[in-house]
Amino acid sequence: MRISGTDRTSAAGGHDQQQQQYHEGDHLQYEDEFDRIAVVDEEQNGHSVDSRHSKAANIVVICPGANRGLSPCKNASVAVDGDCLITSPSSSVLTENCCLLRKPTNGTMKSKLSGVRDRLQDRSLLVDLLAILFGVGAWIGVNSNFVQLPLLVVNAPEGWNLPSYLVVITQLGNLGPLIYTGLQKVRAFKDSYMIYAVLIIGTVGAICMAFLYEVTAHVFGAERSVAMFVCVFALALVGCTSSVLFMPYMGRFRAIYLITYLIGEGLSGFLPSIVALIQGVGGNAQCIPNNSTNPDAPEFVSYTPPPRFGSMEYFIFVFVVLIISTVAFTILDNHKRCRKEYAAVVINHGNDYTYETGHSSTTTEKSNVKLEKSKILSNRNYTYLMVLLGILCMFGNGIFPSIQSYSCLPYGNVAYHLTVTLSTMANPVACFLAVFLPHTSIRAISSISVLAGLFTVYALMTAFMSPAPPLMGRAIGDALVIATWTILVGLVSYVRLSITTVFRYQGGKSLVWVGAVTQIGSLLGSVLSFSLVNFTDLFQQYYPC
């Protein structure tokens, strides 16, 4: 008897059928290597069994001959070596000797490795790598600015108010999408040209940031970090414009590569945080005597030990990453091997794609994606989630970054440094958890939001009580403020993505409203926090000496 095994059909339908031959009686030993097995019974004139009906059931078809030492199944279920054999419920091709063999659910190591091999063969690792590097360049500039704040606030003339300035300037980066939309209405530019321009702006901004971040100018009656603000704006243009340029550009590729691009975006928060952890902050501020003062009336000044390497080297690293991201996009946009991974799409102009329908293919497409049935939200719940999303964005993108320095710096530079780096890393971690452990019910979203609210109360309390927050100068106080901010940022990120997932299945312009509410909430939060920090006495800076 000849057993022909048809391997897993790829998601893109790009694999040919492969056959392997085994001796009689080996079918039970090797059956779990395949998603489905068609058996040719030579005594039935080589009639092959149609196994198309076995796709959903994850079963294989066994058609033994009557004199092959195998008992016919007839219509009864039979247990053979712990495996269940049942007769086909509906197939005119199958005879009474043809049985359906369910594959073991645990599988073997060989079958699992075979599945991994098949998935890797179904994609281009080159495109995966390039998509990740391309995605890293999207937000690494913005993330690096905030991760470096524990060192920047030490010498900047704005002091602890610097984060509130950076939050507002980052929001101004949304001018990028507006400019892009206006240019597309005047003249249709290729989106690849626009991406090159945006990446070059970000790269120049990063290298200028490395050498000019300490340059100040006298503006509006005070010294301002003008050069830093200009560079931050350039880097913010890259991040904000990536939402309407980078991600839609990946739409021309097969859907599997959008995931790798998003992994790259997640790494744009991880990489600067890891480098910042290696960099350190040198330690907490110390009071040392000023040698030039009168010995009879000693004067002390604040001294902060230097980090392992300075902000210049840090932003040079960001510059190198953006160079690599630009080179990766250049290869992704021009290499023939990459273009072979395009989806069935007609590229008209800009990000205007038309996906082909009715395209004939000699291969079949197999999807393991389970269709989700979501309930249509009532008007009340729809409005509730939109308002909740706006509040979360107002705090997460506007208020929290602006007041974090007042909440953490009284506990020391080390506590602030760890808070900024770990909370930046918590954002992509929470997003990954939201993908694999989604909670899209109104009750679950509300419960997690309430939990985030409790952490928010403590974070705000420490900021308002600066320069003498609770447990200041004690290790438990340092650990508590670090844990509070890290968990808080993770919870807010998780809930925001969960709400976005809910609206994704509502149809219509729901996602458009999500984007609008996100930007409006972030803008309101940044303006509110900037006003409170710079024009009121609610937040007080701590001076160690």
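Any Cβ shown, glycine's included, is placed from N, Cα and C.
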Seminar exercise, completed: For TrEMBL, the entry region 'Disordered' belongs, out of 1-22, 287-308, to 1-22
For this session: Counting only CB pairs under 8 A, let me know which of 125-142, 314-332, 444-467 has the most with the transmembrane segment (225-246).
Result: 125-142
Exercise. Other than its close neighbours in sequence, what residues sit by the transmembrane segment (314-332), given a CB gap under 8 Å and a spacing of at least six beyond its ends?
Worked result: 127, 129-131, 133-134, 136-137, 140-141, 144, 148, 195-196, 199-200, 202-203, 206-207, 209-210, 213, 238, 271-272, 275-276, 279, 338
For this session: Might you confirm whether the transmembrane segment (162-181) is in contact with the transmembrane segment (479-499), defined here as three or more C-beta pairs under 8 A between residues 6 or more apart in sequence?
Result: no
Exercise. Do the transmembrane segment (125-142) and the transmembrane segment (444-467) share at least 3 Cβ pairs closer than 8 Å, excluding pairs fewer than 6 residues apart in sequence?
Worked result: no
Problem set entry | Chain residues in Cβ proximity to the transmembrane segment (444-467) (below 8 Å; excluding those fewer than six residues from its ends, i.e. six or more beyond) | 385, 388, 392, 395, 400, 403-404, 406-410, 480-481, 484-485, 487-488, 491-492, 494-495, 498-499, 502, 538-543
Seminar exercise, completed: Same-chain residues at least 6 beyond the ends of the transmembrane segment (415-437) with CB under 8 Å of its CB atoms are 143, 146-147, 149-150, 265-267, 269-270, 272-273, 276-277, 280-281, 404-405, 408-409, 478, 481-482, 485-491, 493-494, 497-498, 501
